[in-house]
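Noted in TrEMBL for the protein shown:
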COMPBIAS  562-573  compositional bias 'Low complexity'
COMPBIAS  574-595  compositional bias 'Basic residues'
COMPBIAS  673-684  compositional bias 'Polar residues'
DOMAIN    45-80  domain 'FCS-type'
REGION    1-32  region 'Disordered'
REGION    560-627  region 'Disordered'
REGION    671-692  region 'Disordered'
REPEAT    141-245  repeat 'MBT'
REPEAT    253-349  repeat 'MBT'
REPEAT    351-456  repeat 'MBT'
REPEAT    464-560  repeat 'MBT'
Amino acid sequence: MFDGYDSCSEDTSSSSSSEESEEEVAPLPSNLPIIKNNGQVYTYPDGKSGMATCEMCGMVGVRDAFYSKTKRFCSVSCSRSYSSNSKKASILARLQGKPPTKKAKVLQKQPLVAKLAAYAQYQATLQNQAKTKAVVSMEGFSWGNYINSNSFIAAPVTCFKHAPMGTCWGDISENVRVEVPNTDCSLPTKVFWIAGIVKLAGYNALLRYEGFENDSALDFWCNVCGSDIHPVGWCAASGKPLVPPRTIQHKYANWKAFLVKRLTGAKTLPPDFSQKVSESMQYPFKPCMRVEVVDKRHLCRTRVAVVESVIGGRLRLVYEDSEDRTDDFWCHMHSPLIHHIGWSRSIGHRFKRSDITKKQDGHFDTPPHLFAKVKEVDQSGEWFKEGMKLEAIDPLNLSTICVATIRKVLADGFLMIGIDGSEAADGSDWFCYHATSPSIFPVGFCEINMIELTPPRGYTKLPFKWFDYLRETGSVAAPVKLFNKDVPNHGFRVGMKLEAVDLMEPRLICVATVTRIIHRLLRIHFDGWEEEYDQWVDCESPDLYPVGWCQLTGYQLQPPASQSSRESQSGSSKQKKKAKSQQYKGHKKKRKMPVGKKPVSLSSLPMTGGVRRSFSGDEELTPPPYRTLPAQTALEAFPPPSTSREFSPSLKTVTTLQLKEELIDGEDYSFLQGASDQESNGSANFYIKQEP
């Protein structure tokens, strides 16, 4: 094993910046009657003095029912939020379909019709404008420094079954030995030395060279799945020299004997570890594949999109009828938002037919077996019915769980759901969840688990009581037994760090923290941002990743917002916050204003950040009759994914070293995931025992 050891002697020798784009914004059209009062602009769609428009959320309502003497806002929450620059910019960003900069101009809030007109105008001029992107230098952020300086704990890789090595990570832990490049060396050639894992944070490991004992002076962070980490014995097999670090090279006279003593009985990576990493990062989705994906501007329908690029299993999809290929959408290949061609027709879901009438060169339908499978359900017996009430995560405001209604029952267990008090008359803002979705809950779920339930817009009988609401609306609650009660042993704990997609801007992956766990539901907080931007996410969501995932896949990680950035985006009124009110908070459809964040793709208007819009009526039940690959050819060209999902959990990723003069066969080690705490796994009080 130590044939590669070389006791060569050697001679001793020895802030980030960001650029932000500043774009001028076209003024909103003012063809509606406008009334000026005390210097403020109010827009009334019908010209009647009895109507008013909330300057924060754009809701139009009876002026006398509005909040404050000036009747500028529909609620206390909107009044408080108005002074926040981040809220102003978030509205502007939704309108323009891009993350705003802190220099972006903020416009007076106007009704939905005006916003749509402005957006149409922006889309028309977008084709002739050169887009500039704000660039963030990542030199100022390091996961290792961030975790070390704050004593944070990262979620283990085994929590993320969809991530590379997620199902075969094994017993990689502290004290595992590896061979890594020796950076404490002045030799002209690349040499290696043995190091041990001191601390593990996702894919990243804090390593310490053998021989330093308790001295952490040269400790360094490295991605375990990187190309420079190898199992002990790799240097001997590859003919690479093992050279002790210069700082301690005179500490021992016989380094070979030292290593034999230190490494006997220790653990290391298996010889084929790098091969397993490579296999787990092979993705079956390829560019030019066609899929059906949710329309980010009309949640109630799907559109045909084409895979433009694949990064770490995340897909950049470009809507097929996008002329300049800038109308895109980001999601993971296992996202419930994408489906095979023909899915909408098969279940009765709304679908927008593409204007493209002939097949584009190289485009072909994605084989159906590549998509995530949903659990089969029996709809023949007692089942969900139209009009039943439930609680659901609002896809346009993921920090809230709202009162909702089943609006339509589709085939194969899919449901169309609307948020009470916020629905368009034509159902254009309904959204589709499967009956087994972890994003829908029975009546009373929030009350039992002490989560704030968002009542319907305009509902005045507060605090909200389900019993009274069901009686007043003449509705019934969906039966508790129809909901998904499975709670996996996910392994997450409160306070764990991870990398998470900002689903309000799905191009961005940010530094995040698990702040609350309710069975399988996680509350994700984006570090450096206020709690109002938190998002409820399922523990098995493909939009959560281990620490180090972005580095491993080459995706751009968004660092935590700095204190100065937050202060520059917050109004002085935030220091004067009053006690919380149970008044309706409103569907703000919040989005962070990432100062200098660098998107990984061309600009888009994210589905979850879009303004609720009327259904345009251009839907069809079938996609264009494009010819697909023959079944056999398609399967051969694109076989089932050879990723970590296919790896057997019994694969061992740690080998024991029995060192005498060479490495012998190691013992097998299996990983036993620790039991989750009661908060994450308890199910005794998950649901209401009796329906109102």
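Even glycines carry a Cβ here, placed using N, Cα and C.
Any TrEMBL annotation is an automated prediction that lacks curation.
When the repeat 'MBT' (351-456) is classified with DSSP, helix, strand and coil residues number 10 helix, 37 strand, 59 coil. Across the repeat 'MBT' (253-349), DSSP assigns 22 helix, 36 strand, 39 coil. Secondary structure of the repeat 'MBT' (141-245) per DSSP, as helix, strand and coil residue counts: 16 helix, 30 strand, 59 coil. Along the repeat 'MBT' (253-349), the predicted structure has mean pLDDT 93. Secondary structure of the repeat 'MBT' (464-560) per DSSP, as helix, strand and coil residue counts: 19 helix, 31 strand, 47 coil.
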